[in-house]
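K.L.:
What TrEMBL lists as domain 'Major facilitator superfamily (MFS) profile' is 14-407. Residues or ranges marked as transmembrane segment by TrEMBL: 12-32, 83-101, 107-127, 139-160, 172-194, 215-235, 255-276, 288-309, 381-402.
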Amino acid sequence: MTPKPDGPPDGGWGWVVAAAAFAVNGLSYGLLRSLGLVLPDLAEHFDRTAQDTAWVSALALAVQQAASPVGSALSTRWGARPIVMVGGILTSLGFVFSAFARSLLHLYLGLGVLAGSGWALAFAPALGTLSRYFSRRRVLAVGLALTGNGASSLLLAPALQLLLDTFGWRGAMLLLGAITLHLTPCGALLRPLALPGDPPAPPRGPLAALGLGLFTRRAFLVFALGTVLVGGGYYVPYVHLAPHALDRGLGGYRAALVVAVAAVADAGARLVCGWLADQGWVPLPRLLAVFGALTGLALLAVGLVPVVGGKEGWGGSLLATAGAYGLSAGSYAPLVFGVLPGLVGIGGVVQATGLVMMLMSLGGLLGPPLSGFLRDETGDFTASFLLCGSLVFSGSFIYMGLPGVLPSCHPTSSPATPPPERGELLQVPQVAQLAPGGPQSILDTTC
């Protein structure tokens, strides 16, 4: 048997895993973000309201996130590689099934349940495996993988609009089924890695396999409460940013440009924030709270700023606020997963990743339909974005209960050190924890 390394390799095959996670993220969240362009066609074809069609994307997002702990548990038992490959097949079948839908119920089952379940088996195991391959550059690697969301949105938003204009929504669904099948070879690249601190045997029993015992830890519980509120508003722009632009008088391709601008800003911010976080200049929990609050403020601005230029213009003010949203939301995303090893330890990071996705689904399930309901009642998405921005801002306020968010009374000065591998953030250390290799220090937080 291959001996266990002293720690994460911090490179090597890890960059191949990062590329695979990049593609998995692009073919899951990137596709979900662009799927809002299909909703007006579905509402017109089935003669239903925006609230009814919003449940298609909301169910897909909620199932993907709520079932993520199952994907994590299965990957802990049998490995990430086969689980992600099966997830790719299920996702592709969901889109193919939806192409032949005769009612919204068929779309709820095809995209919501089947494709959502496939995404659940693919995303959390892929991202959890990536976190195990890195230590000193973990947040940068996670940020690189999460740029797949923005890069995919940049390509898929105009491409999907072209497919809708050329083949209709049924033809677009068939082609998306072929594209999402590429999740399967991505899963084949996830080589297993044994590390010190791994449990000697897979967890026994469903509760242990799902990692529910992590909720007994105070820091993870605070993180969970904040994440639930953030999830209530974070994903509303994935579904309703494009319809919001359409309501403001922008045409199909100009609405797609709004989504593309947010995607480009999102992708760039994930890389820059990942590099910044790995320098260790600011504690990861503090960065998480700050960028979460900025995301909430940006969403408020998206709802309040009117389109300038009228029906023939390009909506410069909406483009600007969408870019601000992309920058702040992109900075927030890698921090959510980068902070996990410090909360639960490297041995529990795959299970924690699945739980984070489940937590966000609790709010994500209600956010888009509530946004659609407010649109039907008020005639536009202004109230929708005001509500989701307030939820994200409130969740970021709860993050202030995490260790390291508020400045300590007597901070210790020490060189930067890497993220803790066994959950030292839970112990509120008296002095800086030192670990070989680089950049994240844990300072004294007691007075």
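Even glycines carry a Cβ here, placed using N, Cα and C.
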K.L.:
Any chance the transmembrane segment (381-402) and the transmembrane segment (215-235) are in contact, meaning at least three CB pairs closer than 8 A with a sequence separation of 6+?
P.N.:
yes
K.L.:
Sequence-remote contacts (6 or more beyond its ends) of the transmembrane segment (288-309), Cβ cut-off under 8 Å?
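P.N.:
Apart from its flanks, the transmembrane segment (288-309) reaches 226, 230, 233-234, 236-237, 241, 244-245, 248-250, 273, 315-318, 320-322, 324-325, 327-329, 331-332, 335-336, 339, 381-386, 388-397, 399-400, 402, 405.
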K.L.:
Test the contact criterion for the transmembrane segment (139-160) and the transmembrane segment (215-235): 3 or more CB pairs under 8 Å, pairs 6 or more apart in sequence, then answer yes or no.
P.N.:
no
K.L.:
With the transmembrane segment (12-32) as the reference, find which of 83-101, 172-194, 215-235, 255-276 contributes the most Cβ pairs under 8 Å.
P.N.:
172-194
